[in-house]
Amino acid sequence: MITAEKKKKNKFLPNFDKQSIYSLRFDEMQNWLVEQGQQKFRAKQIFEWLYQKRVDSIDEMTNLSKDLRQLLKDNFTVTTLTTVVKQESKDGTIKFLFELQDGYTIETVLMRHDYGNSVCVTTQVGCRIGCTFCASTLGGLKRNLEAGEIVSQVLTVQKALDATEERVSQIVIMGIGEPFENYDEMMDFLRIVNDDNSLNIGARHITVSTSGIIPRIYDFADEDIQINFAVSLHAAKDEVRSRLMPINRAYNVEKLIEAIQYYQEKTNRRVTFEYGLFGGVNDQLEHARELAHLIKGLNCHVNLIPVNHVPERNYVKTAKNDIFKFEKELKRLGINATIRREQGSDIDAACGQLRAKERQVETR
C-alpha cells in the first residue's frame, strides 16, 4: 500500500487520486478494513474475488454489502492496465504492451516452457541505469510502478491463460527497469503474489534480477522470503563491465562479489549470473577464463544469453559456434553454465523494443 511515508521516500512513485487495490498486501487490506470500521474477515472475501475469481470490477463482489463496495470504489481502482499491442511468436511467446493510467507504456512477456508458463514483469517506466546494450534505457526513467501495477501484469496474463485453463507458474522480474531501484514496491509485489490468499506462486518459482545495486543486495539478503536471485554481470573485468554497464563505476565488480558472498552466507542459496554475449566485446575464451576465476567457489550458475539486436545500439550477436565454445570453456573450468533458449525472436523480443516503437505515447 502506498503511504505518505512511501511517497516521501520514493519520489518516482505516481500520485494518483486512487491507488490500485492490487497494491495492498493481505495484512494491509485487513488493517485498512478495520480502520474503516469493517470486519477483518472481509479481506479474505475481497482477495478471493480479486485473485481467484479474477473479477474486473468491485461491483461484481456480490457477497459484500453495497456500502463496502462503495467504500472500496471510493478509495481504490481495479483497472490499471490497458492492452495496446499484443504480439505472439510462433514459439508461443506473447509480448504485451500495456498503457498505464497516466498514458505511459510498459512491457510484459509470457514465455511458454515444458515446465510451465513464465511471466516477465516490468518494475519501472523506463530505466536510468544506462546499460549500453539495452533498449529500456532509451528515454530514461519516467517513474516507478506501484506494486499493484506490477501485480496487474501477472493477473492480466493469467486472465488470458484462463481461457485454456493454464496457469502462471513462474515469475521473473527481468522486464523494463531496475527492480532494486523500486525496492519497496517490488518487495510488496513479491509478498502479494506469494501469499496463499492471492496467486500463491511459490517463492522458489520467482526470480528477481539486478544490475548490481549493492546496498539493496545486502537488504535483500536480510529479507525473510526465499526468492531466486540473479545478477546481470556480463563481464568479469571492470573496464569491460563499465563499458557495458555504467552502474559498474559506482558499484564495481569486487564490491559486487563481496555483496553476493554476504547474500550466500545469509541465505545459503545459489545465485545466477546472467552473461550476455556481445560479439568482439566479452565473448572470447579469455573472457570465459576471467569469469571462471572471478566466481570460482561461489554457489552459482551462469546463464549465457545470445543478445538480441537493438537497432539503436551497435552491439552484434556472437556467432553460435563461439557461444558453444564459451560454454564449453566454463564447464571445463568447473563452472555450471547453460545457454538460454531464445524465445520470441520473430517479434520485438528484446527488453524495451516494443515500448521504444510506441514511445511517442510518452513524449506528448
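For all residues, glycine too, the Cβ spot is worked out from N, Cα and C.
According to Swiss-Prot, the active site, proton acceptor annotation covers Glu107. The feature active site, S-methylcysteine intermediate is assigned by Swiss-Prot to Cys351, with sequence analysis given as support. Marked as [4Fe-4S] cluster binding site by Swiss-Prot on the basis of sequence analysis: Cys127, Cys131, Cys134. The S-adenosyl-L-methionine binding site annotation in Swiss-Prot covers Gly177, Glu178, Ser209, Ser232, Leu233, His234, Asn308 and rests on sequence analysis. Among the features that Swiss-Prot reports, disulfide bond is placed at Cys120-Cys351, with the record citing sequence analysis. The domain 'Radical SAM core' annotation in Swiss-Prot covers 113-346 and rests on sequence analysis.
Structure with Swiss-Prot features highlighted.
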residue	record	Cβ contacts under 8 Å, 6 or more apart
Cys131	[4Fe-4S] cluster binding site	Thr137, Ser211, Ser232, Leu244, Met245, Pro246, Ile247
Gly177	S-adenosyl-L-methionine binding site	Thr122, Thr123, Gln124, Val125, Gly126, Cys127, Ser136, Leu141, Asn144, Leu145
Glu178	S-adenosyl-L-methionine binding site	Thr123, Gln124, Cys127, Arg128, Ile129, Thr210, Ser211, Ile213
Ser209	S-adenosyl-L-methionine binding site	Val172, Ile173, Met174, Pro179, Phe229, Ala230, Val231, Ser232, Glu274
Leu233	S-adenosyl-L-methionine binding site	Gly212, Arg241, Leu256, Phe273, Glu274, Tyr275, Leu291
His234	S-adenosyl-L-methionine binding site	Val240, Arg241, Leu244, Met245, Glu274, Tyr275, Gly276, Phe278, Asn282
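Considering only the binding-site residues Ser232, Asn308, the Cβ with the fewest other Cβ atoms within 10 Å is that of Asn308. Under 8 Å, Cβ to Cβ, and six or more positions away along its own chain, Cys120 (disulfide bond) finds Thr108, Val109, Met111, Ile171, Val172, Ile173, Met174, Gly175. Comparing Asn308 (S-adenosyl-L-methionine binding site) with Cys134 ([4Fe-4S] cluster binding site), their Cα atoms are 9 Å apart once rounded.
For the pair formed by Glu107 (active site, proton acceptor) and Cys134 ([4Fe-4S] cluster binding site), distance between Cα atoms is given as 14 Å, rounded to the nearest Å. For the domain 'Radical SAM core' (113-346), the model gives a mean pLDDT of 95.
There are 26 other CB atoms within 10 A of the CB of Glu107 (active site, proton acceptor), with all protein chains counted.
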